[in-house]
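S.K.: Pulled these features from TrEMBL for this protein:
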type	residues	note
TRANSMEM	12-33	transmembrane segment
TRANSMEM	53-76	transmembrane segment
TRANSMEM	88-107	transmembrane segment
TRANSMEM	211-235	transmembrane segment
């Protein structure tokens with residue numbers, strides 16, 4: 001006994017959905033890898049939470065290809081077991097993506113505190129014998145994000161008073177002066193070359209924006225896949241009814 005017209009429509013719609021479902025897997029992996037790449041240079045100071053969600057999305061994206069196979073084969077062959085398996089796996093992925101999306105948005109709200117704690121705790125290691133990576137990261141942050149200290153340049157003196165003061169700061173707190181020759185003065189608070197913005201603002205906004213991207217990607221794709229779950233469940237039900245009525 002053939003499937004009804006509506007069931008056939010859902011069958012081909014589900015087949016088409018799996019094509020786009022595979023594309024969402026690529027999108028999820030791309031978002032996860034992009035955020036991982038953005039965070040990679042700051043791995044020694046950022047909390048592990050910032051790396052767990054993008055890694056989670058990369059893993060989910062890779063699983064999607066396997067799940068899409070069950071969906072395509074189940075819909076094409078009108079196989080109840082494969083379609084049901086696809087439905088169950090899709091529900092699992094839906095839950096995981098939704099969890100990743102929610103985690104991304106929760107992480108967004110905690111970003112400022114987490115980044116502030118990471119920056120403050122790492123300042124003490126700047127310029128130390130065992131703080132080479134920390135020194136490199138801080139120099140990169142202050143140059144790339146045009147900032148100095150956590151809130152302002154005075155944070156360096158508070159974090160390590162034996163090494164820094166208001167006029168003795170890391171040179172990356174100073175913007176390069178075009179055409180400067182010989183001695184270059186920067187740490188004067190009134191100097192135009194001193195970076196006066198705290199890194200918690202510029203660098204924190206950078207980290208927060210990527211956390212929002214993770215949340216948006218997870219939730220948006222989870223909503224799209226919700227319709228795939230409905231299609232798969234409906235089709236598996238119709239296939240089962242077809243098998244029962246054929247006896």
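Using N, Cα and C of the backbone, Cβ positions are placed for all residues, glycine too.
So where do these features actually land, and what's packed around them?
M.R.: Counting same-chain residues at least six beyond the ends of the transmembrane segment (12-33), those with a Cβ under 8 angstroms from any Cβ of the stretch are 53-58, 60-65, 67-68, 71-72, 75-76, 97, 213-214, 217-218, 221, 224-225, 227-228, 231-232, 235.
Here the transmembrane segment (211-235) has Cβ contacts under 8 Å with residues 7, 10-11, 13-14, 17-18, 20-21, 24, 27-28, 31-32, 34-35, 50, 53-54, 57, 71, 74-75, 83, 86-87, 90-91, 93-94, 97-105, 107-108, 111 of the same chain, all six or more residues outside its ends.
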